[in-house]
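Look at TrEMBL and you will find 32-261 tagged as domain 'Sugar phosphate transporter'. Look at TrEMBL and you will find 35-56, 93-112, 119-140, 152-171, 183-207 tagged as transmembrane segment.
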């Protein structure tokens, strides 16, 4: 988060990017005044939803196996459709609803052999799904109503969330554990960490951009496609994953549903 704010501030100072549509070219050096206070307050729901999304998602992976976690997380598409309707009143065609249904069926087929039920873990994952849906819907809604670009939304999110996260990690003891990490001052570790921060910045930017240009549902389905490619690439590069017909069938259904959604978007259905 701190790296993201530093990248954004530097690019803003060098006039490479802008934070809002039609803003003046004069740039203040004070980070606090780069965005008007009223606009910053307007983005508070986005920052709150991001914090909840991140903290609950981290908790949700603790008590459930990976296949079932992936299965339940893919149901986020349904939650996103509901949240979009509640926040913006947006309705989707029967074609889109059908493609989302195929994705959800594929997710449960893929995880059918791992139906180990844990009420607490399941409830946390579904809470993470709701937070993820609210977060993406907030990006789409606030992005249009605030007049901010994707970079502006990232800046507001960063300067609100970074101090809160700094306090939280200090309170939980994570900062103390960080300082005792044996490779903290290793040049190799620092290079890898910097590259990781750059990649995280790019991922966040494209999530914001895709969500504001298209929709929260489109971004969620893109995330599902990303998972499919991650599974396939991981199997090709690292192996070790036993062949399971149910898993392959479920992944194929998920891919089919995503392709049908893309087709519906192209045809305007």
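Even glycines carry a Cβ here, placed using N, Cα and C.
Residues 45-46, 49-50, 52-53, 56-57, 59-60, 62-64, 69, 72-73, 75-76, 79-80, 82-84, 87-88, 153, 207-208, 211-212, 215-216, 219-220 of the same chain lie 6 or more positions beyond the ends of the transmembrane segment (119-140) yet place their CB under 8 Å from a CB of it. Remote same-chain partners of the transmembrane segment (35-56), defined as residues 6 or more beyond its termini with a Cβ less than 8 Å from a stretch Cβ, comprise 19-20, 124, 127-128, 131-132, 134-135, 138-139, 142, 145-148, 152-153, 155-157, 159-161, 164-165, 168. Residues 1-2, 4-5, 8-9, 12, 18-20, 31-32, 34-35, 39-40, 43-44, 46-47, 50-51, 55, 139, 142-143, 146, 178, 204-205, 208, 212 of the same chain sit 6 or more residues outside the transmembrane segment (152-171) yet have a Cβ under 8 Å from a Cβ within it.
Nonlocal intrachain contacts for the transmembrane segment (183-207), taken as residues 6+ away from its ends with a CB within less than 8 angstroms of a stretch CB, comprise 3-4, 7, 136, 139, 150-151, 154, 219.
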